[in-house]
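**Student:** Sharing a structure below in structure tokens format, with a few things to ask.
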């Protein structure tokens, strides 16, 4: 509005000083200024005065046609073109390109094809603007013909890629739209915001989560993810796929959010109402895998409701990175909260021990004090924990104690040969043979398995 006000002031000054009167270049420049500043009515008024004096030229006609088209008034633009022909003003490529866009907008397909035929008859060499307009027109008539025109273009820019992708989407061909984007990646054409806004809906229709993640990563690498509209589209796509955790991660990383961002996230939360607990648990795991333990712990501490999975997720996060002290501290809090641990809990504790390379008088003994007597633990939890204990003690070189665990494993599960196979890596075959009489008889299947293990 400020630019328009200043432009009008300059125009008024020129009129008072009688500067530029009947000057085609000056008045065409006024037309261009008014339409670019949004003063379409003022541009039409200047053009009417020029037309009354019969001082219009193809440049002034083109300027006003483009002004109407940019303002969403395709019908007025096409009507102005007809007046131009009636005044015997010869159109140029700029005129024809704008008129073809009018035909595509108004669904004047036959007229658009006639203009294309006229251009061919005249032997006009189409520039990229006119060619892009033709691709847009034929996308609405026959997308196959549009594709042929697209392939004939030499130096494509990002606009024509956008037009071709939009054409495929409007014809419900999302896979072809994605292929156009892949073709663009092979060129030096840099993507813009419009390209991503066309691409993401195409991927949404394909329901390919791997492709979504690839595009998300591409947007991150090219900093387009910082654009609010693109981030909103990615949030919407993840939500539609049911990946609410990914949607929340994108939302939390947005530097600026608009109404659509908040509305999209509220819709996600409302849709998955009742699953907040599982979502937070998944977020803890997600942040842990990316090495952001402080963010995982922050979510854990902010949770109003904690279940066994929540504790396991946080303990597992610390165990994943070998933070043995934090694992045991959290395990103590878990016992205070009177949450009964399971095999996943103990496996995480043992994993942390293994990663830390702890010895008997250090971490292993400390872990047993918290987890209870080793034999009692084995009588309660799954055989997977026993295998971990066997391997852990083997790592510390305590073979005698390992044998004791193996025998107890046989007593509790009746299926200790798997644990014996763990020992096979650290002992000689006669050792296993000495233990074997205390184990369950080996079936044919297990004999085969043993043979395969030792071969």
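Every residue gets a Cβ built from N, Cα and C, even glycine.
Straight from TrEMBL, here's the annotation block:
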type: REPEAT; residues: 57-91; note: repeat 'PPR'
type: REPEAT; residues: 157-191; note: repeat 'PPR'
type: REPEAT; residues: 307-341; note: repeat 'PPR'
**Student:** In the same chain, which residue numbers or ranges, 6 or more beyond the ends of the repeat 'PPR' (57-91), come under 8 angstroms Cβ to Cβ?
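**Tutor:** Contacts with the repeat 'PPR' (57-91): 24, 27-28, 31-32, 34-35, 40, 43-44, 47, 50, 98-99, 101-103, 105-106, 108.
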**Student:** So what's the mean pLDDT when you look at the repeat 'PPR' (57-91)?
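**Tutor:** Mean model confidence (pLDDT) across the repeat 'PPR' (57-91) is 87.
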**Student:** Provide the three-state DSSP residue tally for the repeat 'PPR' (307-341): helix first, then strand, then coil.
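**Tutor:** So the repeat 'PPR' (307-341) is made up of 26 helix, 0 strand, 9 coil.
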**Student:** Over the span of the repeat 'PPR' (157-191), count residues by DSSP class, listing helix, strand and coil in order.
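**Tutor:** Its residues divide into 25 helix, 0 strand, 10 coil.
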